[in-house]
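K.L.:
Encoded as structure tokens, here's the structure I'll be asking about.
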Amino acid sequence: EWPETGRLALYLLGLRATCPSPEPGPQRSLVTWLKYYLEEDWAGSRQHGHPLNGYYQYSLGVLALCVHRKRVREEVIRRLLVAEQHGRFGHIGGSAVDTEAVAALAFACLERERLVGARLAAELRAATRRTRRRMVKAQGRDGFFGNVYSTPWAMQVFIATDTCRMQPAYGRAMAALLENLDAFTTAATMAQVLPVLHGRSYLDIASMRCQEEPDTLTPISPEPPPEVVGNKMVRLVVECPEPRCPQHRLYDQPVPVPAGASLLDVLRAATAQGPHNFTFDTQDTPQGPFLSQVLGLEAQQRKRSFWQLLSAPSTSLQMGVADYRPRDGETLTLRLSEW
């Protein structure tokens, strides 16, 4: 399997935030593995021109190493700098804000922790400024930088660089975020938004004084969501572009489900109704179930393909399959796309 650069990076960030035991053995081993994964990840650029797992995960890896105050080879950093300078963070049908923000956080961390020389630090500072300017331009009328999930990442950049107070776009984003906190339902998304609500960024993890931290890791029992009675009808469409799929539209059927059903429930209901054979598969991720296969067509990271979730005609969903709850009569499209 391809290296899980991003997952290991998130684990190391979380580990540092929980003030682990002073014994460095296990952490040192994980950091070594992350450095190895970064090199394995980049090996794909010789064939594909980009890291195997994408610049988002690659940037997370650099950020995690920096938070643990581990030096990163200059070549590794310059790979991200070149990608930023040439606008390579974007992908088809989506926003590049989250990737740009994670890279900018990594740049700001390397400069703050003085893990690079003066010349490279100046280049990183300039790249971070360019990223902030692009984020301001990318802010939508709804106040989000890109979308609701990329917004906390972008806001962390303003916090980490001490520019949030002088930037009106930051205030608009915070207002939009406070009105949409119900979108953050998984541990991973909560971990992105909680620091922002307290005026912090992931860079603050590096300077935590663990002796002064209270023990707040107590489990909570969330209340179950209220039961919604009745039924609704959702139209489910599956599309695949030519030339891979000459037919283009592979599935188009109404699917009856309970009123409180999620998109994942709609997919499950579609598999149970005939005579049209509908199949799908998901993979577990820190953000929840990820739609990996529909009608036998697999989203492949090596081919930079993914199943895009759309509400008709072309509005990209801001939630995953387990979190999004379609409206009665809504048309949902699963489209095999490239990033």
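Every residue, even glycine, has its Cβ placed from backbone N, Cα and C.
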K.L.:
Can you tell which of Cys19, Cys109 is bonded to Cys66 by a disulfide, based on TrEMBL?
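P.N.:
Looking through Cys19, Cys109, the record in TrEMBL gives Cys109 as the partner of Cys66.
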K.L.:
In whole Å, how far does the CA atom of Trp307 (cyanocob(III)alamin binding site) lie from that of Cys66 (disulfide bond)?
P.N.:
33
K.L.:
How many Å separate the Cα atoms of Cys66 (disulfide bond) and Asp98 (cyanocob(III)alamin binding site)?
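P.N.:
Rounded to a whole number, the Cα-Cα distance is 18 Å.
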K.L.:
Distance between Leu309 (cyanocob(III)alamin binding site) and Cys109 (disulfide bond) at the Cα atoms, whole Å?
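P.N.:
Answer for this pair: 34 Å between alpha carbons.
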K.L.:
Taking the Cβ of Cys109 (disulfide bond) as the centre, count every other Cβ atom within 10 Å, in any protein chain shown.
P.N.:
24
K.L.:
Between the Cα atoms of Gln192 (cyanocob(III)alamin binding site) and Cys109 (disulfide bond), find the distance and write it as a whole number of Å.
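P.N.:
Checking the Cα atoms of Gln192 (cyanocob(III)alamin binding site) and Cys109 (disulfide bond) gives a distance of 17 Å.
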